[in-house]
Amino acid sequence: MANKGLGEFEELVLLAVCILDGEGYGISVKKEVERHSGRSILLGAVHITLYRLQDKGLLQSKIGGSTVKRGGRSKRFFKITDSGLKHLKAAQEVRQKMWELIPQLKFNM
Amino acid sequence: MRQKEENNTPALANWLASKFLKKTQHEEFLGDLEEIYRERVSRNGKFYARMKYWLDMFHILIGFSVLNPFKTDSAMYGHYLIIAKRNLWRNKVYSAINIFGLATGMGICLLICQYVYFESGYDKFHRNFENIFRVLIHENRNGTDQGTSPYATYMFGEAAKDEIPEIEDFVRVLKANESAVVSHPRSGRPVNENASNFLFADESFLEVFDFPLKSGAKESALNGMGSIVITQKTSEKYFGSDDPIGSTLEINGGNLPGNYIVTGVLKELPLNSQFQFDFLLPLENFWKNGNGGSVNRYGGWIREMFATYFTISESGDVPLISSKLDELFLKYRGRENADQQVVEKTRLQPIGDVHLKSESYASIDFVSNKGSLKDVRIFSLVAFFVLFIAWVNYINLSTARSMQRAREVGVRKSIGAFRRQLIGQFLVESTLINIVAAFLAIGIAFLALPLLGRIVGKELQLSLLWIPMFWGIFFAIVLIGSFLSGLYPAFILSGFKPISMLGTAKTVQAGNTTLRKGLITFQFLTSLILISGTYLVYKQITYMKNQELGMNIEKVLVLKGPKIIKDSPKVIDGTDMNQIRAFNEFSRSTFRTFRDEVSTDRSISKVAGSYSLPGRVDFIPISDNRKLGLPESAGRYGRLAFASLDFLETFGFELMAGSTFTKEMSEEEYVIINEEAVRSFGFGSARDAVGEKLISGGIPVTVIGVVKDFHWESLREPDAPYIFSFTDSTPPYISFRMDLSDIHASLEHIERVYDLFYPGNPFDYFFLEEDFNRQYQADVRFGNLFLAFTILGILIACIGLFALVSYSATLRMKEIGVRKVLGAGTGNLMMLLSKEYLVLLLWATVLAIPIILYTSKEWLEGYAFRTSIGFDLLLIPASILLVISIVTVSRQTYSAATLNPVKALKMDT
């Protein structure tokens, strides 16, 4: 698994979980990703990705507080694992290296 | 309390979630969903929130539920496909039946969808179609409804545009009502063109409607008085491959004889346009050249004959505009209307509605091929039925076959297959079959399209296939179909206990028999309804054709009258009565000598001229009639047809009172009316009417005879009051009552005399009976279409039944063997096997009674003269279905019943 790269969406979700620092659950992650990426995302997609990342061992979760807004149902909060953090960093490094190799950036703006 | 209800999440979606999600996830997801749902309700409203809720729920269900086929390892998938393929190959007959049945069902469904799409797409190709309206005028006189008509006066459109700011543009359209002879002066051969080929329209016609020009300028094509726009087809007909722009066409006869310069060529008109014509002429021309006399006289506010269309600004409020239009009547016709106690109300009909929603004023509607909303609805229903029957087949066959798959499922289960995986496997199978069937269906639709086109009389194309939307819906339906039709067998099969499937003692029931019986009953029911519908359509057509017409149209040959009368005095000014009189005098004497001359042949017994013919309503102006001495408000609607000497005798009308026309009578002063007219105009009895004076269309005439009621038109239409007015001028139609034994010699004689008196005219003839029966073409087509779909629907149901019976026969093989050994006869056994299906048929028949009675009554409402609804409507379809099912079943039951019992008992099932 370790050598398998992260998908773009997976990376965004991971980052959002990091930003939320323990407060990340389905909706907050969805909003965080939407805010930064500017696109609208299906809730289901977030859930599926969160669970997939947990299966891969990049996230861990625990059941947390319930509110009236949710009809008294509890949330599942996600937190990044060490392995998850390693993956994120690795992805970042790969990109950084590649960016540095581009000879000259010309922006025609 | 109310508040709480508002905020409730969709219960059905929650229920689904509780069924298919794990307990732990269930809580968390529903929590998230509810939270976001509340946000959406407050932000975007309830509807949006609910839709989104469903969408999210589906997404989660597919992602997490036990049904998730995507969670299975991809290797497993390949395995499922292989197993599915093997299964299909192993039972070739059943697979073929399954796939072919489904494909036929889908193919038919596709065709009907195409037809419905075509019919409902009429006039929607105009870019601006949503803002184009046709004006309809409803007239109420003296408190009685005079009906709705699409015709307005000449000035109505102009005044509306000038005085109502929301109306951006208007077009008046007028269909010609006289046929003409058209020729290209250089190439010369004259051609008879029907009245319906000519259309008069305002300049704005090409601006308001989107009929692209192939050549010529859109802005100026209809400007000049002598200009004419033709279609591409017409251009090829008269000019071949030459460019016709600037060439001259000579039109003789018709509403507007003269020489015209071609200023534009239109690309082929779309088939789904309400306007179908070959020649487009400027409307201005129509009234400036004589025909507009009466229009001009009253400032253009009498003579309703122009179909008027408006383009309305985007922001325009339709009811408001309509009420402003009503005010125009008060302003310009207030006094006349008040005198006659007439109230006129307008309604704006969207142009897209004209084709399908013009039922009530159809008979005077000039829309060329009026569609029927009812037909379209009926066919949509049939499409659904057929598809449903096909799916039911699939479900039935698959559950019945579950017996055979039981051992496979048992083995799978005992070595550790989850239920989810089994369900996935069967869903993969059903999806495979459905998709194969779907592609076959498109092929079938392509093959059957020309057939459908021939039946409906329109050249259809599978234009649906070019719409991306269609593919989305198509695959959605196929997927939903495969899901639904696969779900039941999948659950049944995966639900068996492995021990019962592997043991030798067969305790497994082949699916839920109640459901299967229910489905078969439903199939029988649909088949019954379809057969009875077909039967009713044909019964009605036969009824209409066999009715006493009140006239004799057999052995009548009709010749299209001449448009060119050689050496006749010219009418240069349409308002100069002297010129008209001189022309009529000449026309009359020519016709009279022609008639005397042509009658010399022994095969011809009577010759009559007329302005119209039974079965046709062209040349029949609607006139306003009242008894002399009654006020104008007592006017009644009637149809005025001009007829010559011997008219009654040629067409075999039955005279009830008075006498027929004689040579000495002066033209247009003497009339013969029918019984309906006697009743409608208030004459008391036929005898009383004779000798009375009538004001018909403003002219006083004398009634000299009354004929028995007749069916001038199709029996779809109710009887109308007719007024035959005497004229002996050269008519548009010359009819011959003749002996047809030596038709060639007779025709030769007629042609020779015709050429002698009317040189330069084409010789076009036809037989009246044929022409008359053409009215029923639409009904016959409808019947044929219905028949075709019914046959296919029954075919699909039959193959399903066939497969099912053969299956149940193999299941009961051992039982049959035992019964045989104990002495049961073949007939006995066959009865045993067929009995359960016959009971189902009986049930279906009982259920069908109310449906058939109700729908038949509904459908017959569209006809003025209806056949009776009797028990034959039920008995005949039921017996047909009985025979078909017995034949279907008997082959299988017979072979099962005659099988050597030793073989059956040895079998290891």
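Cβ from N, Cα, C; glycine included.
According to TrEMBL, the domain 'MacB-like periplasmic core' annotation covers B:95-295 (among others).
Taking DSSP states H, G and I as helix and E and B as strand, the domain 'ABC3 transporter permease C-terminal' (B:381-494) has 102 helix, 0 strand, 12 coil. Residues or ranges marked as domain 'ABC3 transporter permease C-terminal' by TrEMBL: B:381-494 (among others).
Looking at the domain 'MacB-like periplasmic core' (B:638-711) alone, the prediction's average pLDDT is 88. Annotation comment: TrEMBL describes B:638-711 (among others) as domain 'MacB-like periplasmic core'.
Marked as domain 'ABC3 transporter permease C-terminal' by TrEMBL: B:788-889 (among others).
Feature annotation from TrEMBL assigns transmembrane segment to B:53-70 (among others).
Residues or ranges marked as transmembrane segment in TrEMBL: B:96-118 (among others). Within the same chain, residues 271-272, 376, 379-380, 382-384, 386-387, 389-391, 393-394, 397-398, 433-434, 436-438, 440-445, 448-449, 452, 456, 458, 460, 462-464, 474, 478, 789, 792-793, 795-796, 799-800, 802-803 sit at least 6 positions outside the transmembrane segment (B:96-118) and bring their C-beta atoms closer than 8 Å to a C-beta of that stretch.
The feature transmembrane segment is assigned by TrEMBL to B:378-395 (among others).
The transmembrane segment annotation in TrEMBL covers B:432-452 (among others).
The transmembrane segment annotation in TrEMBL covers B:464-488 (among others).
Look at TrEMBL and you will find B:519-538 (among others) tagged as transmembrane segment.
The transmembrane segment annotation in TrEMBL covers B:782-805 (among others).
Marked as transmembrane segment by TrEMBL: B:837-856 (among others).
The transmembrane segment annotation in TrEMBL covers B:868-889 (among others). Here the transmembrane segment (B:868-889) has Cβ contacts under 8 Å with residues 524, 527-528, 531-532, 535-536, 539, 794, 798, 801-802, 805, 833-834, 837-838, 841, 845, 848-849, 852-853, 856-857, 860 of the same chain, all six or more residues outside its ends.
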Stretch of maximal Cβ-Cβ contact with the transmembrane segment (B:378-395) [cut-off: under 8 Å; candidates B:464-488, B:519-538, B:782-805, B:837-856]:
B:782-805
Six or more residues out from either end of the transmembrane segment (B:782-805), which same-chain residues have a Cβ under 8 Å from its Cβ atoms?
93-94, 97-98, 100-101, 104-105, 108, 112, 375, 378-379, 382, 385-386, 389-390, 392-393, 396-397, 400, 451-452, 455-456, 516, 520, 523-524, 526-527, 530-531, 533-534, 537-538, 541, 833-834, 837, 881, 884-885, 888-889, 891-893
Near the transmembrane segment (B:519-538) in space but 6 or more residues beyond its ends, with Cβ under 8 Å, are 378, 382, 385, 388-389, 392-393, 395-396, 779, 782-783, 786-787, 789-790, 793-794, 797, 800-801, 804, 837, 840-841, 843-845, 847-848, 851-852, 855-856, 859-860, 867, 869, 872-874, 876-878, 880-881, 885
Could you give the number of helix, strand and coil residues in the domain 'ABC3 transporter permease C-terminal' (B:788-889) as assigned by DSSP?
86 helix, 0 strand, 16 coil
If you run through the domain 'MacB-like periplasmic core' (B:638-711) with DSSP, how many residues end up as helix, strand and coil?
16 helix, 28 strand, 30 coil
